[in-house]
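Here's the structure we're looking at; comments come further down.
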Amino acid sequence: MPEATEHPPIGEAQTEPAQSGCPMVIKPPVEGGSNRDWWPNAVNLKMLQKDPEVIDPMDEGYDYREAVQTLDVDQLARDFDELCTNSQDWWPADFGHYGPLFIRMSWHAAGTYRVQDGRGGAGKGMQRFAPLNSWPDNVSLDKARRLLWPLKKKYGKKLSWSDLIVYAGNRAMENMGFKTAGFAFGRPDYWEPEEDVYWGAEHEWLGSQDRYAGANGDRTKLENPLGASHMGLIYVNPEGPEGNPDPIAAAIDIRETFGRMAMNDVETAALIVGGHTFGKTHGATDIVNGPEPEAAPLEQMGLGWSNPGVGIDTVSSGLEVTWTHTPTKWDNSFLEILYGNEWELFKSPAGANQWRPKDNGWANSVPMAQGTGKTHPAMLTTDLSMRMDPIYGEITRRWLDHPEELAEEYAKAWFKLLHRDMGPVQRYLGPLVPTQTWLWQDIVPAGKPLSDADVATLKGAIADSGLTVQQLVSTAWKAASSFRISDMRGGANGGRIRLQPQLGWESNEPDELAQVISKLEEIQGSSGIDVSFADLVVLGGNVGIETAAKAAGFDIEVPFSSGRGDATQEQTDVEAFSYLEPKADGFRNYVGKGLNLPAEYQLIDQANLLNLSAPQMTVLIGGLRALGITHGDSKLGVLTDTPGQLTNDYFVNLTDMGVKWAPAPADDGTYVGTDRDTGEVKYTASRVDLLFGSNSQLRALAEVYAEDDSRDKFVKDFVAAWVNVMDADRYDIGKGA
């Protein structure tokens, strides 16, 4: 709503020279200063600090997902409905109803989701924190959250802010006559801003120059993984691209940005038409707002954008638009007005481009937000896109005559908007969860648990299959490492490694993968055991690790949780899953084409999306290298004379001062390790490998595993980290990351 090239998140340095002549402006730590002021190109390992208990104020043992199931949802709805029409003098309700404000709040919380990396969304309550709480597109949503405080205060630990922020918009629409598709609770609160989300390189609000750099005017060339056309907007500039009031050009931005939120044309049109059935925008005067919440004075107590105007004089986006004559009621009047008039451009009182009916059409048909006055309807440039763009126009013209279809599509799109980042349906809680499922939910049929005897039989069959340690471990890793904690998609459950698009990913080495799949399917069919392919893949990886450990002198059993299910190709959205394809996999020394950042940065981002800590990332790298798990069977980074054995050789040789490293003569980003005395070539390695010897923090971890008394610890820690990755998506048994 309007009030509103790959790049992993790396901190930006402050490079303006100080008056003293120092080339950096260094601040005390309490003001945000850090080592990164001096060394801005260092990898950001803070992304891998996984200890939420340190900042979580809840008591030990508190589980929000248990607490929310004791919530009286019916009473919450009654309390919310009463709050919606209880206008407060400090922030009066437009049209006597806070519902439209809450819809915008929910939309803007969920609408930050982007499909490329799964980040954003409402699932962690990030709208409460910087930078989102201070984005220019979120003006006045601080008031919306403050209005909800009585409900949050009353229900306490049973209701998270994360759930309440999106529930509010959902219930508001029901209160105003719309039948939603349902609602799922289950979003726990986080207690600090996410520092791992890249929102763009611009250093000013509403800037766009960096995200379209090199695009030569092609608005579809928005930098990945960004989902908005301007810094600080949820989607697009409602006045049109760069303020140009061209509805056709605006449609290009709309299609690109909504598509990056995983919405197709029908869903996009439904969200805009349905959402703009309610409420208004605010630009009643040319008053300039005060600073945003993060920059506001202490006495404003977390609120921002202060100005003398409230109620009818409120200024948020600077656009002054009321779309319909029934702004607190669900109906088809948005489309009736959009198609029932020809439109002319004019300026809002705040100077923003917007549209009104020609020839004073529909004058005095739209209520004022406060009082009893009347005015004319108005539209945004992006609203006119819903009529003038050929694709959107065909969709919305049909809805003009078939409003029941609009209602159905809006209900589905709204539910998707609010729940896209929640992961599998096993995470949906509460009495309002719909029984219907949709393709975008990545449904996995329930699997069957295996007995210990079944597991033993299958492990024997896998061990006798002729598949190598490298084939077994690599296939399990490829399947499980598709998981990302950001939106809890991917992983081994579902067995989609054998389906398109994963079967054809370059990173998955399709020809080699097909051979392994064929052999595992043969075992699945001949074993006489009702086992899923997904379970076999993970079990195969475990067999490979146990075999490699035994060869190194360690008799271990890798923990295994059975019960994974197998999805079908028909249950798999090929386009949606294509976004999970790794551009690089540092754990296997794979680097794809077209990356504009070095592989070590990609590794940190990948480890973060796998929900790994720095020690877990480190031990996994060392173990996989020792096993010879590399893309294309490369020897790059295999710093051992016994590949296929689970030893700590990788760390021993990486930290050996008898090995001298230098860039490879081919200047291809790889390195050659030679004997410091003889000059004999001993190993080759990648930038990822040398990171663990050059970065001071990672070297400290590597040294732990290189020590003579750490061989047992290395094996134990590797197995534990491996199991974490294999089970990262097991929300069906309460083990998910």
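Glycine is no exception: its Cβ is also placed from the backbone N, Cα and C atoms.
Per Swiss-Prot, the feature region 'Disordered' maps to 1-33.
Other Cβ atoms within 10 Å of the Cβ of Arg104 (site 'Transition state stabilizer') number 28 in total over all chains. Annotation source Swiss-Prot lists site 'Transition state stabilizer' at Arg104.
Look at Swiss-Prot and you will find His108 tagged as active site, proton acceptor, backed by sequence analysis. Using a 10 Å radius centred on the Cβ of His108 (active site, proton acceptor) and all shown protein chains, the other Cβ atoms total 25.
Over all protein chains present, the Cβ of His276 (heme binding site) has 26 other Cβ atoms lying within 10 Å. According to Swiss-Prot, the heme binding site annotation covers His276, on the basis of sequence analysis.
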Q: Sorry to bug you, but what's the C-alpha spacing from His276 (heme binding site) to Arg104 (site 'Transition state stabilizer'), rounded to the closest Å?
A: 10
(Q) If I take the alpha carbons of His108 (active site, proton acceptor) and His276 (heme binding site), what is the distance between them in whole Å? (A) 14
Q: Specify the secondary structure state of His276 (heme binding site) as given by DSSP, simplified to three classes.
A: coil
